[in-house]
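Colleague: Input: one structure, supplied below.
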Amino acid sequence: MESLTLQPIARVDGAINLPGSKSVSNRALLLAALACGKTVLTNLLDSDDVRHMLNALSALGINYTLSADRTRCDITGNGGPLRAPGALELFLGNAGTAMRPLAAALCLGQNEIVLTGEPRMKERPIGHLVDSLRQGGANIDYLEQENYPPLRLRGGFIGGDIEVDGSVSSQFLTALLMTAPLAPKDTIIRVKGELVSKPYIDITLNLMKTFGVEIANHHYQQFVVKGGQQYHSPGRYLVEGDASSASYFLAAGAIKGGTVKVTGIGRKSMQGDIRFADVLEKMGATITWGDDFIACTRGELHAIDMDMNHIPDAAMTIATTALFAKGTTTLRNIYNWRVKETDRLFAMATELRKVGAEVEEGHDYIRITPPAKLQHADIGTYNDHRMAMCFSLVALSDTPVTILDPKCTAKTFPDYFEQLARMSTPA
């Protein structure tokens, strides 16, 4: 297996313009495909997840052109639901941001489509979304294991009264929200259970509004969506930088700055993961906010005990930042780490122990006490981009770290290690 050993880093300094947000890129692509008119998307993320969405849209007859660096996409909308040219199978890798929204959108009209993906995708639950779509009339079959992909979709979604379980993934609600305006009937979506990662719903509502559709949100418990609507292209749309990707650089600044400045997100960003910077500030770093930048300057870091439900992806970065904080850090309410690219709670606990940390892994929390000195270890990445990037921070000590399968960062940040090296002074 390929590996990359990062030698100890003495200091991290400088600025980085972030690649586009994965969450925003794939939502914007789907809405542009469903909309009337032509949309020019700029700062689109070039990554595995986005390529899976683009390949699917192409197979569904959507015309687009990409710039040479794949960060600009000119896409001609379909002016309504996507139509398959006959029976179709779409392979979506391990891209949850493609699988969930497409599973809903392709239930409009009378398609016959199979959605499948990598082995890990077949372990990521989708039953709550399927249950909700069926309540709205969708005709869906599980082809292998009940409640998991692959799925066969045969259209039929018309809207109506729908309940969705919000406790596992906010992407199920996102998928329903984006699809419901195109259904023939009005839809009332009721959320049962506590809604996880609420800020991701704000991204969805924000983008829908950009494409001309507004819906009534009653305290995130009930959403009322008028049927028979159309999305309209905003013309040009700039995808903001990926706030989850920013977390690694901001954390590096907190641990071994200098000052690290990330551009492409800021106080005006719609992504909830910008709140990661507040957590670093609580731990002792100095944060400066601009409209389109966040800067982090090194501070004396101390442990925290916090509910991380609002920033589940960026919270992983706090788990490795905790190795440099005084005391025991506890991250709570993070059950949904278990249904991501891998079981991130198990993976994080396992790999933190390898570098010498004392770790308690709970059902929905993790408690981390750093060692006096970090140990050099081979870090398993579980084909999970965030595991690879989180553990790169171990090199901000006097100990090297070896990352196995480093190319898994291609899911959101193909040149991550090059960018980190550019801003680093070796010890």
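Each position is counted from 1, following the chain as shown.
Keep in mind that glycine also has a Cβ here, set from the backbone N, Cα and C atoms.
Sharing the features that Swiss-Prot gives for it:
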- LYS22, GLY96, ARG124, GLN171, ARG344, ARG386, LYS411: phosphoenolpyruvate binding site (BINDING)
- LYS22, SER23, ARG27, SER169, SER170, GLN171, SER197, ASP313, ASN336, LYS340: 3-phosphoshikimate binding site (BINDING)
- ASP313: active site, proton acceptor (ACT_SITE)
Colleague: Quick one: largest C-alpha distance among LYS22, SER23, ARG27, SER169, SER170, GLN171, SER197, ASP313, ASN336, LYS340, binding 3-phosphoshikimate per the record, in angstrom?
Modeller: 20
Colleague: If you count, for each of the binding-site residues ARG27, ARG124, ARG386, the other Cβ atoms lying within 10 Å of its Cβ, which residue has the minimum?
Modeller: ARG124
Colleague: What Cα-Cα separation, expressed in whole Å, is found between SER170 (3-phosphoshikimate binding site) and ARG124 (phosphoenolpyruvate binding site)?
Modeller: 13
Colleague: How many neighbouring Cβ atoms, not counting its own, are there within 10 Å of the Cβ of GLN171 (phosphoenolpyruvate binding site)?
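Modeller: Around GLN171 (phosphoenolpyruvate binding site), other Cβ atoms within 10 Å: 24.
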Colleague: For GLY96 (phosphoenolpyruvate binding site), list the number of other Cβ atoms lying within 10 Å of its Cβ atom.
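Modeller: A 10 Å sphere around the Cβ of GLY96 (phosphoenolpyruvate binding site) contains 21 other Cβ atoms.
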Colleague: By a simple count, how many Cβ atoms lie within 10 Å of the Cβ of ASN336 (3-phosphoshikimate binding site), its own Cβ left out?
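Modeller: So the Cβ neighbour count for ASN336 (3-phosphoshikimate binding site) comes to 19.
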Colleague: Would you find the one among the binding-site residues SER170, SER197 whose Cβ has the most company, meaning other Cβ atoms within 10 Å?
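Modeller: Result for the most crowded candidate: SER170.
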Colleague: So how many other Cβ atoms are close to LYS22 (phosphoenolpyruvate binding site), meaning within 10 Å of its Cβ?
Modeller: 26
Colleague: Please tell me which one of the recorded positions listed here (SER197, ASP313, ASN336) sits closest to GLN171 (phosphoenolpyruvate binding site), measuring Cα to Cα?
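Modeller: Answer for the nearest of the recorded positions: SER197.
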Colleague: At the Cα level, what's the spacing in Å between ASP313 (active site, proton acceptor) and ARG386 (phosphoenolpyruvate binding site), rounded?
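Modeller: Between the Cα atoms of ASP313 (active site, proton acceptor) and ARG386 (phosphoenolpyruvate binding site), the distance comes to 8 Å.
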